[in-house]
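As written in TrEMBL, here are the features:
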- 13-426: domain 'Enolpyruvate transferase' (DOMAIN)
- 23, 24, 28, 171, 318, 345: 3-phosphoshikimate binding site (BINDING)
- 23, 96, 124, 171, 349, 392: phosphoenolpyruvate binding site (BINDING)
- 318: active site, proton acceptor (ACT_SITE)
Ligand SMILES: O=C(O)C1=C[C@@H](OP(=O)(O)O)[C@@H](O)[C@H](O)C1
Ligand SMILES: C=C(OP(=O)(O)O)C(=O)O
């Protein structure tokens, strides 16, 4: 069993691993299934901590959600937007996506709800979203607009708004789409940069009327016309990313990742890897599924630095820790431009990953709008590292540990359970000691 505290030597990646279902898509499938009329069947559902919170919350709001952990299936009996009033607060722990999307859902219910959550969420801003939802006619009360507990009184007379996107953020966009479906007039989102589009894709799949154009998204109200659907969640590309970067960097690797989600708003890492000189085999074999998916084959290769543009950033947002590691091992410097919006959303992650990489001898510069990572940085273990309870930092550090002969401890490694509880076990299936 691969143990991060005693691993004896470097490893390469061999064989095939099927990553679990996509977290972003699963959050949305639960929410649309809960809001819809009738029954929704979800296959290849992934049981991770974040998604267990979303299941619990929408069960409390009245949806009947049956889960079959063995075969990863889920059956949801929807409530046709009749959200159940609650006499207790809704606990969302530290699930950022759930908070944003739930705020949009509750905006259109005349009931009053109180939302409570963990300390980590307190640090992530929501005042921007709260102001927009208040402009639509819902009421949000808290000590500060970022804070939790947040008291929400929605309205069954929401008015659509026109929002000129000033920060590229999928969660704000998603929340407005969810509120806009139940508003009394069109909601227009004039886009700054495209971000992940799972909400728009699934909204229309469930029968909403969201008109998506390159520069504007228009949500036409369609009160309660959402109908339960069946869908298979593709493999989470952000979970495949650890194997992609690990295999590229570990000499002698060749790994196959079947049925991974290939939504163009999520696979920015593939374009970055290609800019850095990688050749990645991609066989897309989903024709009429609601979300595209296919197989990836990754072989280890020498990489060179590159410049990642602001337009690319929303499509790599969850892979930034892994891209920083990959850049440090490439030849020459890598620059990630236009990270201002990301810095607003997940500044802790950027600062914490810089701290932990420095303990491995890897220096990265984090500025308000740019990240700079020099290449050819040999991993020199100076200290044990810490995930800061961030699942993506934890998994990036696991990959870093495979690139050095010097063992080190990863404190708070259990953060991985947020998005990929089986990661360590899966990693052991494909690691071969050199
Ligand atoms: O909507 C989502 O499911 C997510 C959006 C992303 O943030 P943005 O809202 O900045 O795109 C990302 O941080 C998160 O992993 C999940
Ligand atoms: C930040 C993430 O998700 P969330 O916003 O749901 O916490 C993530 O998955 O990296």
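Counting begins at 1 with the first residue displayed.
Every residue, even glycine, has its Cβ placed from backbone N, Cα and C.
Each of the binding-site residues 28, 96, 124, 318 was scored by the number of other CB atoms within 10 Å of its CB, and the largest score is that of 28. Least crowded of the binding-site residues (24, 345), judged by neighbouring Cβ atoms within 10 Å of its own Cβ: 345.
Close to ligand 2, meaning a Cβ under 6 Å from one of its atoms, are these of the binding-site residues 28, 96, 124, 318, 392: 96, 318, 392.
Cα spacing between residue 23 (3-phosphoshikimate binding site) and residue 349 (phosphoenolpyruvate binding site): 18 Å, rounded to the nearest whole number.
Spatially, by CA atoms, the binding-site residues 171, 318, 345 include one closest to residue 392 (phosphoenolpyruvate binding site), and that is 318. If you check the binding-site residues 96, 124, 349 against residue 28 (3-phosphoshikimate binding site), none has a Cα inside 10 Å of its Cα.
For ligand 1, the neighbouring binding-site residues among 318, 345, 349 are 318, 345, by Cβ distance under 6 Å. In this structure the alpha carbons, written CA, of residue 24 (3-phosphoshikimate binding site) and residue 124 (phosphoenolpyruvate binding site) are 18 Å apart.
With residue 171 (3-phosphoshikimate binding site) as the anchor, the candidate binding-site residues are 96, 124, 349, and the one with the nearest CA is 96. When the binding-site residues 23, 349, 392 are compared by the number of other C-beta atoms lying within 10 angstroms of their own C-beta, 349 comes out lowest. In this entry, 3-phosphoshikimate is bound by 23, 24, 28, 171, 318, 345, whose most widely separated C-alpha atoms sit 20 angstrom apart. Between the CA atoms of residue 345 (3-phosphoshikimate binding site) and residue 124 (phosphoenolpyruvate binding site) there is a gap of 6 Å, rounded to the nearest whole number. Cα spacing between residue 124 (phosphoenolpyruvate binding site) and residue 318 (3-phosphoshikimate binding site): 15 Å, rounded to the nearest whole number. A separation of roughly 13 Å, to the nearest angstrom, links the Cα atoms of residue 96 (phosphoenolpyruvate binding site) and residue 318 (3-phosphoshikimate binding site).
Put simply, residue 318 (3-phosphoshikimate binding site) is 10 Å from residue 349 (phosphoenolpyruvate binding site) when counted between their Cα atoms.
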